[in-house]
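Feature list (source: TrEMBL):
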COMPBIAS  A:9-21  compositional bias 'Basic and acidic residues'
COMPBIAS  A:122-131  compositional bias 'Polar residues'
DOMAIN    A:151-446  domain 'CDC20/Fizzy WD40'
REGION    A:1-49  region 'Disordered'
REGION    A:104-137  region 'Disordered'
REPEAT    A:196-237  repeat 'WD'
REPEAT    A:279-311  repeat 'WD'
REPEAT    A:415-448  repeat 'WD'
């Protein structure tokens, strides 16, 4: 087959092309030299294609070869020369005044992508393209990769802004499925149906009081109800909100409730006029609410991407109370909140799909201590009570649970199994088992924070070892 | 018409130019979709080359690509086009992130003497399919585009050809320290198109 060649020099240039290089044509003189791996030496004639890509060298070459351009035979107008000079200075990375082809671009340009458009491919592929740093590292403790137990959770609402799972101090798990709240006793594996809110439902949040007997239930009709889990009866109903109550938190006898009407109300459940404080700073639904272990501070996260820290003393005052801190680093709804059990004033917060970060805060100063991009929506966070570790649950694309070492934030394990975003996490009272509820309508139990049995066995065997060593010592002597 | 038959063996210069320019048009659209330059909902599905391809439906982008496709066809007929490069550059920094190269080799004999060549439509379609699949598969090795980007098309023509009124000379918009992946090629026996993608290589952090 005959190829089209306009001039002999051109054909030379064509045959010289290296199949896997990009830079080739504008340099008929730089041919035949095998491509060196290192940038080519700056000489006036033999310029490797590689060096043509090097801005500095190319620029230098261009300056040096400006006079030689005349030798090339082709006549250039001064304006053209000037144009090239400008290009060279600005962005040109090759000296193309000896080129064989003319590079043309259409004068009008295509429109830019619409404002605020984010490349959706990023979330599609970022999980796969994540560099080695996210690889789970070997760790001395065995972390089971599969769920210990899986329970069916039909009608579990796939709503990011709700809090439908909690584990009591009495080892009873409360979960809201549609309009009904079920209690699952983890000791006996027995199931009880606590309530069904047909007209007022669905249930939008559940939260155990610290004593493990009373359960606060937030409803879609803006009510908060208090239930006795032993007698399975309602104690009282707390009104005050005007929209669904998606988050609840206890602090002693005080119940804080966060609602879609963007307010947080503190109820003292012992007294008749139960509303003792109203905190209004959020502009959208409050979806995350957690009291610090000390009970001095309340963290609230909202759909307005804001995280507020409130003081307990201010919270009990009547009337609007000012917040301590307003943290606006997240770029999506802040639902996942967890106070560190071993370090006071340390709060972990996770953002939604557009943010994907876990951030650590000193709630005294408001300083962000660390921020980790998890490559996926952060739905819930749980600290380990035994190790300096934190567990996060995620959504698309892997719907996994991630176990992180704190403070290095090395990923210790990635637990997959759920087929939809893992919306809720709850920790067993002994701190070893984690329950996770996901949009795939399953409830799974994971022994991520170690196994008490294994720990005991280990310590026993260790003791034995030491004993045998001592034994042998005594025998030798 | 002959197109009813399973193969149409005779390929003229005009026919080849039409095939190649159409192929370039679909490739550009496919790259725009695969690389997420424009939102996915601005693309519509089209059956072409025995596969489903995505075409940008936004009027201005369409008009831009169509105008260029027409000009490319004209150039192909005169044999002056050497290369078409699609550049994807960052909006904010103007840095070129990807260069999709389509090198074109022209068969002089056909252009000058008007002879015809023979190659079955099916073979050409298979070659085009292969490139389209490679473009779709390229997202697996290309780095993520994390910022808003625009694209542009550069045409390398021979020096003696005339510059159309709406066109201006441009620099090559090369990438510093690129990684280059060669894709497949198509050959209409009149024009041979070699595809290749160069992208900005960033070291592991």
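Just so you know, glycine gets a Cβ as well, placed from its N, Cα and C.
Shown for the repeat 'WD' (A:279-311): DSSP residue counts in helix, strand and coil, namely 0 helix, 19 strand, 14 coil. Within the repeat 'WD' (A:196-237), the DSSP-based counts of helix, strand and coil residues read 0 helix, 23 strand, 19 coil.
Break the repeat 'WD' (A:415-448) down by DSSP state and the numbers are 0 helix, 17 strand, 17 coil.
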